[in-house]
Amino acid sequence: MPLQSSRLAVDNGTPVRGKPWPVWPQPTDGTLDALSRVLRSGRWAISGPYRGVESAERRFARRFADYHRIAHCVPASSGTASLMLALEACGVGAGDEVILPGVTWVASASTVVGVNAVPVFADIDPDTLCLDPDAVEAAITPATKAIVVVHLYAAVADLTRLKEVADRHGIVLIEDCAQAHGAEFEGHKVGTFGAVGTFSMQQSKVLTSGEGGAAITADPVLARRMEHLRADGRCYRDQAPPSGHMELVETGELMGSNRCISEFQAAVLTEQLGELDRFNALRRHNAELLDALLTDVGYRPQRSTPGTTARTYYTYVAELPDAELPGADITKVTEALTAELGFPVAPAYSPLNANPLYDPASRSRFALGPQHEKLIDPARFVLPVSGRLTRRLVTFHHAALLGDESDMRDIAEAFTKVLQHRAVLAA
């Protein structure tokens, strides 16, 4: 790979890349027809009148469950909503402690305080950036009700050990798979190892309808509870109603709220699901090429837990070389890479004990008394691995992995060029 000697693009030099990159989302050939069918159907929501045919929402739920070889799928309005459904369906509530990783998207924690429970942040594994089982074990108390394991960026967490810890202590294990659609561990899809697996279908995700989510489970009781929780306390009838009547029935079993997706979203998701494996395979192939190129010049790509049989690349992540960039300002590095490549390169998520997006004290709804406020104060947690690593990680969105080998070489060339100019990137 030729080394660049020109000035950095951020310093008025010539960028490595001038061509456009692949965009995301990418609609399938059948998406417009699927949306048109919903538009003409007379039913745009699950609360709309039954028209004698399977709804788009039920069709997607059935196919997503089949994809995971699991019995039940409950679609929802977002990944956040799906995680809240899972927590409440599993009985997590006021005063319960929920262990989750110190580095993840803020919703993994905000959903916990949203059900009046207490997030407990545990540190991460330095290789996978996922929840460290030893840190989880150390964080368990008599108040621990659940563990939320997040499969972060492009890694699968250590499900063998985390499931063993959860089972041994009688704690519910919930998988947050918002960034891991289609990933596999020991030949099984993620989301099928815990009591519930939750997914996000937001714009940036590898399976998307702009906004949306889903929860999967093998447990019919949990599935029925989640149906009630997402549809204002209603669930599907056992038998189809007469045409023109609503499929949902009021049972009085469990109060819920409206967290449903529309028929339009479900139609898009069904189309996208048919392309998920193809896109995932392309990203995986290109990520493996890039791993080799970046490793050659000293970067350290994110790893996945041994036993991972299929990775899903939501975000590509690499750690800066210690020798060449020991004291680099991560913001300067990501700005330099962005200027070279023409797409956003960003630092990793800030640890949740110091993340400006996670501030329960800014919401009066969480002011439930001095003791509760003390428990949900994120500053009480010490996360040394999270703090150290997030100052050394660069990340970019999976859309760039939808190109070809020459695109991966452009990315590697930009990363190499930045190394050449390390003196100007020091903190």
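Cβ coordinates come from backbone N, Cα and C, glycine included.
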Query raised in the report: Pick from 1-20, 301-320: which stretch is listed in Swiss-Prot under region 'Disordered'?
Result: 1-20
Query raised in the report: DSSP three-state call for Lys205 (N6-(pyridoxal phosphate)lysine): helix, strand or coil?
Result: coil
Query raised in the report: When you measure from the Cβ of Lys205 (N6-(pyridoxal phosphate)lysine), how many other Cβ atoms are you left with inside 10 Å?
Result: 25
